[in-house]
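Reviewing the structure listed below.
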């Protein structure tokens, strides 16, 4: 087996693992929150954001990870031009929602842990009140922002000649007519991502500072058991959010660094493009795992599923005896 075959095999295995984790994990998170909504009649603000985040990650996995996996296994001509336009458009919309919803989640958690004297305190009631409007605005904003993708995406080129200023996604192409369009579109996307990443980092840093001060204060004072349990719940939620933000900044940092480099060359190596796509979709697999481990509502569904499975196994064994 030569080097090229080894690389293709490794790439196919990597994307297959990502797809096998991200789709069922995100689907499980969405179902868990939906069941909670049906049972309790409402969801907490953070849970609503997490549900939309899981849905966005699920769509990224379906739209990007599956075609990328099929392409890695040698599948060709998966889409026509219209299919490519819709696939790339939807991928960019849901990828943008993934970063903005993670940013919204970190901002809301920072607001929750902020003291009453903080300038963020008034947002404790404002964010839940206007949450539906915020989420709708995010959906509309990304649909409008990436509408130009419908013009630039194609399935193939005449004579299989790939022109300059073109991103080769293995299953589709994103081609820009001029260098100005290529650079301006790329930099707009880069700085848009950078804005959210910086805001997430600031909010996560603020959360860590507040938790550190809170920890020192708790150690110096004797609190009631109920207040301590409530504080512990907030600390766990805050740590989960900071973990998601850290992972996002890491994965999409690599993605955006490679993307920025690709704007400086006429043709980017396929290996670099594969690495970028891998890190761009890696968050869709890790995020639901973190949610399943840390979110109480989702953890309860996981335990119930395990108990039901054990009950069925016990019942089957008993009847067999």
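Any Cβ shown, glycine's included, is placed from N, Cα and C.
Taken from TrEMBL, the feature transmembrane segment applies to 12-34, 46-66, 86-113, 134-155, 194-212, 241-263, 275-295. Residues or ranges marked as domain 'G-protein coupled receptors family 1 profile' in TrEMBL: 25-291.
By number of Cβ pairs under 8 Å, the transmembrane segment (275-295) is matched best by 241-263 from the list 86-113, 134-155, 241-263. Beyond the transmembrane segment (86-113), the same-chain residues lying 6 or more positions past its ends with a Cβ under 8 Å from any Cβ of the stretch are 45-46, 49-50, 52-53, 56-57, 59-60, 63-64, 67, 79, 120-121, 123-124, 127, 134-135, 138-139, 142-143, 145-147, 149-150, 153, 169, 171-172, 174, 192-193, 196-197, 199-200, 203-204, 206-207, 210-211, 214, 234, 237-238, 241-242, 244-245, 248, 252, 280, 283-284, 287. Among residues of the same chain six or more beyond the transmembrane segment (134-155), those with a C-beta under 8 A of the stretch's C-beta atoms are 48-49, 52, 77, 79-81, 83-89, 92-93, 96-97, 100-101, 104, 127, 172-176, 185, 192.
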